[in-house]
């Protein structure tokens, strides 16, 4: 009986022990889910079609696209003036502005002006705070 | 005896607490970062004054996390995840201010109780803490993990999500500084360059809670108006201390759990609030209300994570070993001044020891007063139009992700990956709360589980190691049985 | 007026034009330099050392230097990406030991990077036993191994913490071939894990440091946590520069008793093995060599002025400035010695 509970672990292979254990548990749970929810799973394609049909495509995909662009540009722009946080500063201002405009429903002059002010003051003050008093690296 | 108390000493504590609160209340900024940023300043301040600043930052940072957790549904720090679970639903039904006040009172109680424990029992507790070997630590983590079952609305999906969280947390190398062998696993071919260190917790957290929530809103076309349309501002349910009636045990228990988790080196700060929450739910008379805006949940979570503050200083000051990532930085403040911390510290430096206790006490009180009166202004955040609030939140999330590990761009991409994952996951009915808890606790569960078997070579060790192990098993069984009962109850009702 | 999509696009392209890049260049180090380090802790010895050096350098050169604790793999990646000198690195012997021990993520720093000047030594690397251990000295431990007794040593594998353990095995091999098999590693993580391994009776000897473990050696008899030093790996010349009062209740003379030559862990039968944890610069291989000269010159001035030494000694570091060329030669030698030790015991 005691031999059944004995386990010997080789340190060199010990990085695989836990991932395997968790993978087995996950597989079992997945099978249980498939058995229980097979109807819902078979219905996945029409469900996702519905999701994409009902979504506000401009706002959702726009936000995603702008964020992607923002992340991709930050480092190359920052590399022009290394270690000054300028990549963050230069990219954040248009990012905040564009996301703000995208999420607005009507764009009356007043709101656009207040958004423009926020999109300049916000990133600049954050950039100043992190670069000078906090002395942290920004892209 | 109290010569160290000077106007500078006091203003450093208050100032530190204030900056800490600000750090804690910005999603993506943490107490650890606040302490790291200010650590170099302490060299010129001298030991007592430097510690005053850092301890203020620590207490403020841990406490500030409840603000975005409750108002925005984004945990400001990993240790306020369980605050989100009940705090945000309360805010959504118009009780944001009440939830904040409950959280602050609970934080104060947690901070003070743990401070008392620290002051009275530090050396004795450290001697007890070293009785916890790999086996007992694994069981503690396991107990914390059982909350996954309790948090899921659909038990099967919830547990699957939790294990998925553990699995994803294992991606990368088996961390050598935790006792692993440093080898890579679960990394998809071709991504080693980015994934060798795995995904960091904070970007994952703010991706799942921050970015995903904004994507959800974008999908719906960002419903008009400001956030206050989702979060009602009503005067109907005002805060009064009566909410704490019948919660005394909860407060004391959660604070002590928080303190104790802090004392155990290597268990990790976020486990404190998760464990308190699990316990509160297990022993509650109406556990089915947890996760739907139950004040007891906020009380447990907040007194737990502030309980951590005193606890984490116990091993630091009586063994020279930090109890969590923030106190690890405090060691730096001592070595900067050429002061040793170890088992002789309290006896050798009573002056510094007193200064620290006083600083913690003042920081807790200052935290309470500042937060209590600032709440009115904090609560206004929900009246800011979404088109102004969301881009700024996104920008702050980026800063948080980038600076958490001192400038790693992959952490920013992690934020995006998990933002999208969070949006998809809710559509697949995966559950985010168990997922993130699995993700947080997964790595420590691994190390302690594998090391237990490596050292003792026998599965029975998990039961036979000590009486502590047996007690932990009873708690684990109690927690699982509790969750099963609750889910049965809600099924028959439905 | 309402903004429509067309005006938005026009505004966006105007903004893009206005922020068009212009090049900035200068000789020597750029105005804003990022110093990455091989540790993720801002409370640890690597960070402290780097911060001291960064502060002195930025003052001397009139530039900004930020220290970022990104950890070894990320630090090497950042260094690789930037050959302009705006990213430099400070790390210690782990950089090549990780490579010698074959850890994933560690390239050979001598082949892939340029090794720059050394700045300081942390002399603290030590081995300890429980206070009530039967082993009084390294001699006892090596003799025990010779007599077939198993000695378990708690270390963090793959680097600075393992090299002393490898040296013990090597010394056992030199004294009595085959006896090195009786010295076995208990693989743990942080210092707290190593201490815990001792208290859980999973290890007979642990790796530690003077700074973190000294107070445990001063505990009263009967305290279960009490420890004793058996070996400090630093060279006696290094320890000799430590403050005379030493640290806590352990004076410099006490420390010297645990270090070579008084405590001998032999390298080859005649010389003793020693290990100093040295902090040094690492540069991108394509960086302008003029920058290295600039840093060498600046450091020479800083060390000649003498303030930095005081600052380092306050934090129990030993000042150790070697300009790039000397440093590279010294560290290459050191690496070769350790490589021999590691291969000598690898066969078994």
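Heads up, the Cβ atoms here are built off N, Cα and C, so glycines get one too.
Any TrEMBL annotation is an automated prediction that lacks curation.
According to TrEMBL, the protein has these features:
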DOMAIN    B:11-437  domain 'DUF112'
TRANSMEM  B:12-39  transmembrane segment
TRANSMEM  B:51-74  transmembrane segment
TRANSMEM  B:99-122  transmembrane segment
TRANSMEM  B:134-151  transmembrane segment
TRANSMEM  B:157-176  transmembrane segment
TRANSMEM  B:197-215  transmembrane segment
TRANSMEM  B:256-277  transmembrane segment
TRANSMEM  B:352-375  transmembrane segment
TRANSMEM  B:387-404  transmembrane segment
TRANSMEM  B:410-425  transmembrane segment
TRANSMEM  B:432-450  transmembrane segment
TRANSMEM  B:466-486  transmembrane segment
Under 8 Å Cβ-Cβ from the transmembrane segment (B:432-450), and at least six residues away from its ends along the same chain, one finds 78, 81, 85, 134-135, 137-138, 141-142, 144-145, 147-149, 151-152, 158-159, 161-170, 174-175, 178-180, 201, 204-205, 208-209, 212, 266-268, 270-271, 274, 291, 422, 425-426
### Message
Using Cβ distances below 8 Å and needing 3 or more such pairs, separated by at least 6 in sequence, tell me whether the transmembrane segment (B:134-151) contacts the transmembrane segment (B:99-122).
### Response
no
Q: May I ask whether the transmembrane segment (B:352-375) has at least three C-beta pairs under 8 Å with the transmembrane segment (B:387-404), counting pairs 6 or more apart in sequence?
A: no
Answer key: the stretch among B:99-122, B:157-176, B:197-215, B:256-277 with most Cβ pairs under 8 A to the transmembrane segment (B:352-375) is B:99-122
Under 8 Å Cβ-Cβ from the transmembrane segment (B:99-122), and at least six residues away from its ends along the same chain, one finds 59, 62-63, 66-67, 70-71, 83, 86-87, 90-91, 239, 241, 243-244, 251-252, 254-256, 258-259, 262, 293, 295, 298-311, 313-314, 317-318, 346, 357, 360-361, 363-365, 367-368, 371-372, 375, 378-379
For the transmembrane segment (B:410-425), out of B:12-39, B:157-176, B:197-215, B:256-277, B:466-486, most C-beta pairs under 8 A are with B:197-215
Interface check, the transmembrane segment (B:157-176) with the transmembrane segment (B:12-39), three or more C-beta pairs under 8 A:
no
On the domain 'DUF112' (B:11-437), the mean of the pLDDT values is 89
Outside the transmembrane segment (B:256-277), at least 6 residues beyond either end, the same-chain residues with a Cβ under 8 Å of its Cβ set are 78-83, 85, 110, 113-114, 117-118, 125-126, 128-129, 132, 137, 140-141, 143-144, 147, 178, 201, 290, 297, 300-315, 319, 321-326, 437, 440-441, 444
